[in-house]
């Protein structure tokens, strides 16, 4: 999962770099429906990095609960933010660095309190879970909302609202994780010598996974082309993690046997990650200079231990008048009256 975060975080930057090169050449942009990025080697390098990262994720999902693996994707946000500030000249100020630290802390808390999923050891048991009415209702809601976002909201608000395309990627991504879990079970059965290739469910999951990944790549490219990487990556992570946790809870009943302290720990860790992502995103364009720091934290100040009786001490706002002199004069006149 950690290796996956490193590769996926780098893939965002490589893809964005390739899309910016196309924009400078005057080619049709991905946000306007163009596919000229297919002839850009930087974009393909980013896709290759994402493929390696998803392969590592595939291995992680095969052996661990999705609620444990998915939160570690927060580290891809950190990698993307650091690389974007280095190679894309996107600002990473003090708020962003604090957000990175909070994301790491939240991920650690979620890993410590991660739930245990119900054991699914065969494709037959996976098929029974996929037939669950709760999961069927969830999948129908995801498909209907994705179609509405693609065909109704996309043409109207896709160019101005980052949530439209990112919501499509996140909702479809939750289904792709379910397909990955099923394929991981199929591979484990195949390596143990069982005749999995004759089972139709494995091939259905493979086709569904290919369709989901294609949709994710298409609309993620549109979002990256229109909006900044520092905007798309955090929002995509939060929405994708929420969708995967919801889908995993419904499908694998991961929260059913959790004790109260693990429930509180998991929710607190996730909210900590969301807070860090918010700091990383919301204040990305706010300049933070050393002059905004308290006096004793400003670099290069030599008189940190200057006594208060010193004549050149820094004036405190507590000793300054709250009202101008004329206002004070008018106020005293009113009091005399």
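Every residue, even glycine, has its Cβ placed from backbone N, Cα and C.
TrEMBL does not curate its annotations; it predicts them automatically.
When TrEMBL is compared with the stretches 3-24, 25-46, 135-156, the one noted as transmembrane segment is 135-156. With Cβ pairs under 8 Å as the measure, the transmembrane segment (94-114) is packed most heavily against 263-283, out of 135-156, 162-180, 201-220, 226-251, 263-283. Beyond the transmembrane segment (68-88), the same-chain residues lying 6 or more positions past its ends with a Cβ under 8 Å from any Cβ of the stretch are 1-2, 4-6, 8-10, 12-13, 16-17, 20, 53, 57, 60-61, 96, 100, 103-104, 106-107, 110-111, 114-115, 177, 229-230, 233-234, 237, 240-241, 244-245, 248, 269-270, 273, 276-277, 280.
Stretch with the largest number of CB pairs closer than 8 A to the transmembrane segment (162-180), among 135-156, 201-220, 226-251, 263-283: 226-251.
Through the fold, the transmembrane segment (201-220) approaches residues 47, 54, 123, 126-127, 146, 150, 165-166, 168-169, 172-173, 175-176, 179-180, 182-183, 186, 232, 236 of its own chain, all at least 6 residues removed from its boundaries and within a Cβ separation under 8 Å.
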